[in-house]
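Below is one structure; the comments refer to it alone.
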């Protein structure tokens with residue numbers, strides 16, 4: 001009988017002498033991180049490095065890049081594409097693609113503006129109906145994909161054209177609908193919180209993270225399972241607290257924390273928790289890893305697929321609402337052009353794999369920040385969209401290459 | 001004679017013009033490993049699918065603890081306590097061991113996955129099978145073939161089955177890994193489970209099986225106690241003649257370790 005090493009009972013957590021346990025001290029933590037990177041588990045490392053590089057380059061070219069005003073604008077600017085990315089991530093986790101998110105955001109924006117302005121519905125009701133339009137579109141596309149078996153690529157390609165046509169139809173001959181500067185729609189983007197609220201929210205978030213982590217690891221230790229040390233939790237909390245408090249500080253130097261950015265971050269956190277902590281999230285990862293295995297395990301694969309496409313379109317609709325709110329208007333070009341590419345690129349740049357089964361909701365935030373920073377920096381340098389398109393394409397290509405290379409590296413290091 | 005946990009009587013199954021199974025009987029006692037043998041196309045896989053409820057039988061009866069029970073869909077078989085581990089293991093490579101073990105059957109508290117409880121139970125389960133795996137939190141992709149097979153078997157045990165069917169569990173495994181899986185099969189038997197083992201590997205069959213049920217062209221072609229039956233007799237039953245390619249070859253050359261059918 002081979003490899004029958006008895007389970008070590010001396011130290012809690014040592015299941016097998018072959019397992020290298022390093023995460024006991026700060027230097028051990030660092031070496032564990034290095035090992036993971038070598039194995040192709042890049043995580044957020046490339047995008048964080050990229051973000052720092054972008055900031056250094058643009059700041060040296062234009063001193064206004066890191067000014068509170070510009071960063072506050074950046075926070076507002078990434079909300080709409082970031083929300084769409086958040087939905088795209090769900091679809092990418094299944095190993096599928098949704099090409100319709102840009103058009104869906106446009107058509108939902110049109111539904112919103114037409115109902116609120118032309119039909120005179122209360123703005124809150126119009127917002128709700130615009131979200132519902134996204135749900136309906138997503139269920140429709142998801143059903144055609146999951147039940148009939150048309151490749152998602154083609155279904156959503158039809159959506160890309162079809163929903164844009166619907167948007168143009170809704171907007172009619174004028175082609176533009178302006179929304180009032182006062183009202184729920186404008187309020188979404190025009191609200192900034194006073195500093196104390198920003199600090200409170202940040203403090204509560206970090207404290208919750210710390211407390212829940214300590215309690216969780218205590219429970220693991222009590223159950224005799226390997227648990228993270230207090231040092232590791234402290235290091236992780238610091239890594240969370242620095243960017244959280246830093247961004248609150250910077251945003252407070254301008255108008256305060258914007259409501260729309262908070263909504264975006266709220267969606268990202270909620271989706272992250274859903275993906276990691278609920279049965280539904282586990283099902284999404286399982287279907288993305290192996291649909292056949294998921295089916296045999298009794299998971300309703302069709303339901304997962306339809307619901308994921310519904311979520312993607314719903315978030316696209318929310319993104320469209322935010323875009324209308326920020327521009328005070330919907331036009332024929334809202335949601336067209338590079339919006340779709342940016343949403344997908346942000347997800348991939350943030351570290352969500354195109355091959356399915358790997359990624360996290362935080363990709364939307366990180367990837368959105370990278371693309372937003374590039375756009376904002378190039379605006380400051382007064383370069384036009386020709387340069388922006390080329391640079392965005394290059395960044396996307398780098399991200400996809402990293403994805404493919406790290407996937408190969410994971411295969412050779414047997415990390416799936 | 002003990003009460004068989006699973007008994008099949010007169011099972012017939014037809015696919016179009018092909019009579020895949022005709023009047024097949026099979027009996028599995030608790031704590032017994034029954035090897036299901038037969039050449040390609042003998043009907044082994046069809047019989048497994050009948051028992052698992054994937055392809056319900058046309059005629060014939062399945063008795064469970066002496067009671068006739070309908071097995072019309074996979075859920076019926078699972079409900080009874082029949083676990084099937086197919087040749088392609090159907091694990092999700094991107095998920096870790098705990099997630100795979102509990103896939104589709106996750107424990108939650110208040111709507112949130114209870115990872116601690118699942119990991120604790122997973123670790124208990126694997127310890128009870130004397131399976132040692134470095135960490136339960138590594139993706140299944142990083143496991144060896146034998147470990148993956150063991151995870152697949154362990155997953156089927158979470159439902160507390162009484163009969164476990166294994167389709168070619170050692171087909172793609174090395175020597176040490178095969179030994180691991182065979183050990184696990186013996187441990188299942190010692191726990192009082194009935195095991196149906198489909199294998200082409202006579203060495204495996206002789207190592208762990210108590211009885212060998214042979215199918216030939218969709219019919220019963222013999223039921224042997226493995227310990228008092230010679231290798232040649234079983235091969236003769238599988239091929240349907242005492243004069244067959246294997247015995248002719250054995251007559252010409254005597255090569256040690258040709259216990260491969």
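Glycine residues also receive a Cβ, built from the backbone N, Cα and C atoms like all the rest.
TrEMBL does not curate its annotations; it predicts them automatically.
Feature list (source: TrEMBL):
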TRANSMEM  A:45-62  transmembrane segment
TRANSMEM  A:74-94  transmembrane segment
TRANSMEM  A:124-145  transmembrane segment
TRANSMEM  A:152-172  transmembrane segment
TRANSMEM  A:192-212  transmembrane segment
TRANSMEM  A:233-251  transmembrane segment
TRANSMEM  A:257-275  transmembrane segment
TRANSMEM  A:303-327  transmembrane segment
TRANSMEM  A:339-357  transmembrane segment
TRANSMEM  A:364-381  transmembrane segment
TRANSMEM  A:387-405  transmembrane segment
Remote residues contacting the transmembrane segment (A:152-172) - C-beta distance under 8 A, at least 6 residues beyond either end: 91, 96-100, 102-104, 106-107, 109-111, 113-114, 137, 141, 144-145, 309, 330-332, 334-336, 340
Long-range neighbours of the transmembrane segment (A:303-327), counting only residues six or more past its ends (CB under 8 A): 76-77, 79-84, 86-88, 90-91, 93-94, 96, 98, 100-102, 104-109, 112-113, 127, 130-131, 133-135, 137-139, 141-143, 145-147, 152, 179, 185-189, 260, 263-264, 267, 280, 283-284, 287, 294, 334-335, 343
Best-contacting stretch, by C-beta pairs under 8 Å, relative to the transmembrane segment (A:74-94) and drawn from A:124-145, A:192-212, A:339-357: A:339-357
Recorded stretch, among A:45-62, A:192-212, A:233-251, maximising Cβ pairs under 8 Å relative to the transmembrane segment (A:364-381): A:45-62
Seg_contact(the transmembrane segment (A:45-62), the transmembrane segment (A:339-357)) with at least 3 CB pairs under 8 angstroms, min sep 6: yes
